[in-house]
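Listed in TrEMBL:
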- 12-425: domain 'PTS EIIC type-3' (DOMAIN)
- 35-55: transmembrane segment (TRANSMEM)
- 75-96: transmembrane segment (TRANSMEM)
- 108-128: transmembrane segment (TRANSMEM)
- 148-169: transmembrane segment (TRANSMEM)
- 189-209: transmembrane segment (TRANSMEM)
- 229-250: transmembrane segment (TRANSMEM)
- 299-319: transmembrane segment (TRANSMEM)
- 356-373: transmembrane segment (TRANSMEM)
- 385-402: transmembrane segment (TRANSMEM)
- 408-426: transmembrane segment (TRANSMEM)
Amino acid sequence: MANFMDKFTKALEEKLMPIAAKVANQRHLVAIRDGIIITLPFVIVGSIFLILANLPIPMIAKFYETPLGGMIQRWLSYPVSVTFGLLAIITCLGIGYRLSSSYKLDGISGAILGLVSFLLVTPFEIVFTHEKYGELSTSGIPLGLMGSAGLFVAMIMAILSVEIFRIVVKRNLVIKMPDMVPPAVSKSFAAMIPGFFIVTAALLIRIGFESTPFKSIHNVVSMILTKPLTAVGGSYFGAILITLLIHLLWTCGLHGANIILGIVDPALYVLMDQNRAAFEAGMRGSQLPNVVTRQFFDVFQSMGGSGATLSFVVMMLFWAKSKQLKEIGKLSIAPGLFNINEPVLFGLPIVMNPMLIIPFILAPLACVTISYWSMKLGIVAKPTGIAIPWTTPPVIAGWLVTGDYKGGVVQIVNFFVTGIIYYPFFKMWDKKKLEEEKETDVSED
């Protein structure tokens, strides 16, 4: 068994690690990850107002049914609309800025050019159904496409715009101003010719898609990317695959969550916002459309950090006989309660450790399985689309993201199940370290 695990670890190190390292540092994926991260403060702020507008307290819920309460609830929903409702715009700006900066181009110009191209390919038409006259349309900004529904198009147009910007600048097709001109003015003029090429390209894309039955790039991207990715990512097997890849990368010393979630986050954000919209519309519990969202992974998969190591930390703290494990338990318990477990990953270590890799992978897979099916079967409410900081302590986090005390109960169940998985490996590792410490003491004597 030990020989097999050594070979397995070596294979991961030799085959998977170089590929994962390249993916982790791929310029466009890094820009997408950073662009989405920029949205987090806005989403969390919007989530606070979403909680306030839908507090699961009977007295307040009854108050919201009154004319005054309904008006206050409507006011509280305004910040939700302009935070979740502008996800695509914020992401587009973030990706444009980060990608331009990585090419040593002006980040502000890259962000604005990306946004302009995104808006240009978006049809400013709102289609709605009238009771008497049927389907009608009017001019206006389609807010739905400014949010999660337009996220993939925003990413594509931001990257395309910056690449055109880079090529034009590389060929020196820019207006250069004298040195005495203020830098802000000089940068504005430098973006003029690249801007012309970018706007022209976006216009051709707009015209091209309008000439087809699809009518807009949004419809095509939704059909080719958004729907398939959310269908796969939102399934049980998708959640298992994502979890497996995250933890395989961690065993090699690579930040699996940053790499894998950085790739799948766009789909997870779409799923999250679908739940948020349904929650605002009055749906609750099992009525919500999706089990898997970004909060599903943050709260239910990685309790105590990657590997769901909180139960392992508690065992080290209270039952370890080895001095090393006891000390690591003391150092790790406080950060572990806030889902930070680097002291365990690198201090124990779990990384590149054939003995501890097994429970490190099995524990989060068990958490995903228990959490997914308890929600899918209607035992526990699905995530409401409310975003909370990933450092929110367990039980509180489970309650907040589901609006159901059973969300916290599932986390408690996960804690004990992961404890059962980790226990035999904890005993073996503790025994091994204790023997090493005794040998060290004898040699010193």
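Here the Cβ of each residue, glycine as well, is placed from N, Cα and C on the backbone.
Contact counts against the transmembrane segment (229-250), taken as Cβ pairs under 8 Å, peak for 356-373 among the stretches 108-128, 189-209, 356-373, 385-402, 408-426. The transmembrane segment (385-402) makes no contact with the transmembrane segment (356-373), as judged by fewer than three Cβ pairs under 8 Å among residues 6 or more apart in sequence.
With a cut-off of 8 Å between Cβ atoms, the residues of this chain six or more beyond the transmembrane segment (299-319) that come close are 239, 243, 246-247, 250, 256-257, 325-326, 328-330, 332-333, 335-337, 339-342, 344-345, 350, 359-361, 363-364, 366-368, 371, 383, 388, 392, 394, 397-398, 401, 407, 410-411, 414-416, 418-419, 422-423, 426, 430. When pLDDT values are averaged over the domain 'PTS EIIC type-3' (12-425), the model yields 88.
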